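Asker: Got a structure for you, questions after.
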Amino acid sequence: MKLINIALDGPAAAGKSTIAKRVAAKLSMIYVDTGAMYRAITYKYLQNNKDEDFTNLINNTTLSLTYDAEKGQRIILDEQDVTDYLRENDVTNHVSYVASKEQVRSFAVEKQQELASKKGIVMDGRDIGTVVLPNADLKVYMIASVEERAERRQKDNELRGIESNIEQLKEEIETRDNYDMNREISPLKKAQDAVELDTTGKSIETVTNEILAMVEQIN
Ligand code: DC
């Protein structure tokens, strides 16, 4: 099989990372979770008491991705592994705002393009097919109903021992989507040449197989 790059975009909690991980494992490719990069920068923004000087924040930040055989992608921020803090509510509720800043986006996009330059990458995010990898070999735009996305998020939370209210989760997901779709720089949207995949009511295995079938068609 020739080396390819796959771009996987879509709204919050559409199952992108779950599917991207499986597709990458099946095809011996590397999975890159770009949301985690924006989350790490948001974590630092919160640690800095929400200082609004984003130029200063980015100029004083080092960020790298490493891979652990068991735990997968790890995010190293200023020499500290912050991966386990990135799903905290405070980070989730501020990440769309921080990710809308020009300095933050150009810093993250440059790293993402560098990572993908050797090919063999499955990258998920919001602007991968439109901005980061406009020449990706396959672009998938994954969607699902907001009800189902909230239910999936609630189940994820349950597994992590966190109780959550379904109506609140729906509201948080919709707020984040609105922000991500309406920001000025690189808003979330389907690339013209992306395949739209509605995962509502479909199992992880079904969606994974649908994407694997798309990969076979391009090879
Ligand atoms: O995929 P995620 O939920 O971890 O992403 C967190 C946020 O980061 C998302 O609400 C918007 C932002 N993001 C982005 O702007 N561009 C990307 N390529 C990935 C994420």
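Just so it is clear, glycine is given a Cβ too, placed from its N, Cα and C backbone atoms.
Given the structure is predicted, the values throughout are model-derived calculations rather than measurements.
Pulled these from TrEMBL:
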BINDING   G10, P11, A12, A13, A14, G15, K16, S17, T18  ATP binding site
DOMAIN    6-216  domain 'Cytidylate kinase'
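How buried are the listed features, and what sits near them?
Answerer: Long-range neighbours of T18 (ATP binding site) (same chain, six or more residues apart, CB within less than 8 Å of its CB): I204.
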Asker: Relative to the Cβ of G10 (ATP binding site), which residues of the same chain, six or more apart in sequence, are found under 8 Å away?
Answerer: K16, R126, Y141, M142, I143, L188
Asker: Just to confirm my parser: what is the rounded mean pLDDT across the domain 'Cytidylate kinase' (6-216)?
Answerer: 96
Asker: Around the ATP site (G10, P11, A12, A13, A14, G15, K16, S17, T18), what further same-chain residues have their C-beta within 8 angstroms of the site's C-beta centre?
Answerer: D124, M142, A144, R149
Asker: How many other Cβ atoms are found within 10 Å of the Cβ atom of K16 (ATP binding site), counting all protein chains shown?
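Answerer: That number is 26.
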Asker: Can you check which residue among the binding-site residues A12, A14 has the largest number of Cβ atoms within 10 Å of its own?
Answerer: A14
Asker: Please go through the binding-site residues G10, A12, A14, T18 one by one and keep those whose C-beta falls under 6 A from any atom of ligand 1; give the result in sequence order.
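Answerer: If the test is a Cβ under 6 Å from any atom of ligand 1, the answer is A12.
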